[in-house]
Structure formats: C-alpha cells, structure tokens
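Chemist: Okay, here's the structure, questions in a sec.
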Amino acid sequence: MKQVIIDLQLVCENTDNLPSEAQIQAWANRAIQPEFSDVEMTVRIVDEAESHDLNLTYRGKDKPTNVLSFPFECPDEVELSLLGDLVICRQVVEKEAEEQGKPLMAHWAHMVVHGCLHLLGYDHIEDAEAEEMEGLETEIMQSLGFDDPYLSEKEMHG
C-alpha cells in the first residue's frame, strides 16, 4: 500500500503524551488515501505561542488554535506531490480533549484527520460544507476505531 510521507516536526517544549510518528502516519493515510497516494506533508506540533502567531497572521484571530492547515498550491507545470502543512498546538489539543471528555489520542487523531481534509480542500464555513466534512471525519475516525468526534455536540444540539 502506498503511504503518505510525513515530515514530523516536534517544536514544543513538552513532548510527553504526543502521538507517535506511526500513529500520525496511519491517521493521515486513512484521511488522504482515497484521494491521493504518494503525497508528502508536514505535521508540525507546536506550543501556544507559535500557534497564536500563525493564527493571528493568517486568520486574524488573536489566540492559539487546535490545527491550522496550509495547503501547498503547486503550479500546473511542476510535478510535485507536496500536499501542504498542518500546524497542531499541543496545549490546545490537550485542553479541548479534557474539556470535551475525550481520550487524548482520539482528539489528536481527529485533529490530524480534520487538518488533512482541509488540505484536500474540504471546509466547514457553510452549513452544507460543514455537514459533508463532519460526516467524512466521523466515517474516517470510526474506521480507525474511534468514536464519532462530534457525538457530544450532536447530543447537546440534537
């Protein structure tokens, strides 16, 4: 089976309780494989300061965020299989997992899957897009053996 090539960058001070490169690889493969094979991407795990800076610079939001996606747009004439970069903030992921009562690795997996789908062009700005993206995320997460990541939200709003 073809693999998504992951360039993993750990630039956070505390690397305890982070997913392994093999876990990130498996999650990214499952999210990306139906669309592409043999693509390369960067997953950069950062602290709040870097996430905050990037979120402010690129999204105008003055706070750290869980995952930022930077798709790579290659000119048509260039043959390059670079999908893009994910920047995931360790502290935000840990805090959200705790607040939402989710297992930490399940939330890490969700952030990788969510970010990969953004790199593939999915979005959640419009309701219809959000529904499609969340449905796909749920399907991928369940195929990886995790619960529906939106279950608690659906219970609260359903």
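Every residue gets a Cβ built from N, Cα and C, even glycine.
Keep in mind it's a predicted model, so treat the numbers as computed, not measured.
Annotations per Swiss-Prot:
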type    : residues               : note
BINDING : His114, His118, His124 : Zn(2+) binding site
Chemist: Kindly assign His114 (Zn(2+) binding site) to one of the three DSSP-derived states: helix, strand or coil.
Modeler: helix
Chemist: Within the chain of His118 (Zn(2+) binding site), which residues six or more apart in sequence place their C-beta under 8 angstroms from its C-beta?
Modeler: Val67, Ser69, Pro71
Chemist: For His114 (Zn(2+) binding site), which residues in the same chain are close in space, meaning a Cβ under 8 Å from its Cβ, but six or more apart along the sequence?
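Modeler: Listed in sequence order: Val67, Glu137.
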Chemist: Relative to the Cβ position of His124 (Zn(2+) binding site), how many further Cβ atoms are located within 10 Å?
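Modeler: A 10 Å sphere around the Cβ of His124 (Zn(2+) binding site) contains 16 other Cβ atoms.
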